[in-house]
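Student: Take a look at this one; I'll ask things after.
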Amino acid sequence: DDPYNPYKYSDDNPYYNYYXXXERPRPGSRYRPGYGTGYFQYGLPDLVPDPYYIQASTYVQKMSMYNLRCAAEENCLASTAYRADVRDYDHRVLLRFPQRVKNQGTSDFLPSRPRYSWEWHSCHQHYHSMDEFSHYDLLDASTQRRVAEGHKASFCLEDTSCDYGYHRRFACTAHTQGLSPGCYDTYNADIDCQWIDITDVKPGNYILKVSVNPSYLVPESDYSNNVVRCEIRYTGHHAYASGCTISPY
């Protein structure tokens, strides 16, 4: 996979494997450790979720089942949402939060599933290349027991943005999914399934636990920075997040 190969250019993603002539490394120049070097090619990715991004934009929202049809198809709701007596005008209470994951490793993070098995989601009109990119759980603050039915979030992996000096190479398409070193995959809180269904949760103090690559399906150089834990105070109408930190468990 040569990033300078012009035949890899894609109209679906003009940034894929594309470098402007002015930004392309000059022959004979000193390369930093990165793409195209032995250090990079034999390295490993390292995913790190952003705790401050989650803390800044966590909130509670009520939505009708009518507006949650796509999410219901992707099993993003608690089991009580699938009872036979649930109607379109019934509401669910959702704890929404964003997620931004950086690959700070030295190699691409590539989907665990081969391309031919990526799953097409007709509601959202894109392919999901991983069934378990993230786990979302809500735990009791004192007992650490799970109080809400968190779900396994499948993702469409792409380079949403990159640090200065790095370039986007992957997009949410049928053939270019992944996360490059120095780049971020970002999901805002208003996207479907960026939530935990807390309809059946009582007001109280909880822990929001967000894990990336939770089943270690993709090898990484460091698994100890894959979890964010946040303190959540839920009043029954509002949620307040604080103390979000990277956690080893």
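Cβ from N, Cα, C; glycine included.
Below, the features straight out of Swiss-Prot:
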{"type": "BINDING", "residues": "HIS124, HIS126, HIS128", "note": "Cu cation binding site"}
{"type": "DISULFID", "residues": "CYS70-CYS76", "note": "disulfide bond"}
{"type": "DISULFID", "residues": "CYS123-CYS172", "note": "disulfide bond"}
{"type": "DISULFID", "residues": "CYS156-CYS162", "note": "disulfide bond"}
{"type": "DISULFID", "residues": "CYS183-CYS193", "note": "disulfide bond"}
{"type": "DISULFID", "residues": "CYS230-CYS244", "note": "disulfide bond"}
{"type": "MOD_RES", "residues": "TYR19", "note": "sulfotyrosine"}
{"type": "MOD_RES", "residues": "TYR187", "note": "2',4',5'-topaquinone"}
{"type": "REGION", "residues": "45-249", "note": "region 'Lysyl-oxidase like'"}
Student: Should any of the recorded positions CYS156, CYS172, TYR187, CYS193, CYS230 have a Cα within 10 Å of the Cα of CYS70 (disulfide bond), which are they?
Tutor: CYS193
Student: According to DSSP, which of helix, strand or coil covers CYS230 (disulfide bond)?
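Tutor: The residue in question, CYS230 (disulfide bond), is strand (DSSP, three-state).
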Student: Just to verify: the residue among CYS70, CYS162, CYS193, CYS244 with the fewest other Cβ atoms within 10 Å, which of the disulfide-bonded residues is it?
Tutor: CYS70
Student: Specify the nearest of the disulfide-bonded residues CYS156, CYS162, CYS230, CYS244 to CYS76 (disulfide bond), where nearness means the distance between Cα atoms.
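Tutor: Result for CYS76 (disulfide bond): the nearest of the disulfide-bonded residues is CYS156.
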Student: Using C-alpha atoms only, work out the spacing between CYS183 (disulfide bond) and CYS156 (disulfide bond) and round it to an integer in Å.
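Tutor: Checking the Cα atoms of CYS183 (disulfide bond) and CYS156 (disulfide bond) gives a distance of 15 Å.
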Student: C-alpha of CYS162 (disulfide bond) to C-alpha of CYS230 (disulfide bond): distance in Å?
Tutor: 25
Student: CA-CA, which of the recorded positions TYR187, CYS230, CYS244 lies nearest CYS156 (disulfide bond)?
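Tutor: Its closest listed neighbour, by Cα, is TYR187.
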Student: To the nearest whole angstrom, state the Cα distance for the pair CYS193 (disulfide bond) and TYR187 (2',4',5'-topaquinone).
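Tutor: Here the two Cα atoms lie 10 Å apart.
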Student: Whole-number Å distance between the CA of CYS172 (disulfide bond) and the CA of CYS244 (disulfide bond)?
Tutor: 28
Student: Through the lens of DSSP with three states only, how would you label CYS70 (disulfide bond)?
Tutor: helix
Student: Rounded to a whole number, how many Å is the Cα of CYS244 (disulfide bond) away from the Cα of TYR187 (2',4',5'-topaquinone)?
Tutor: 17
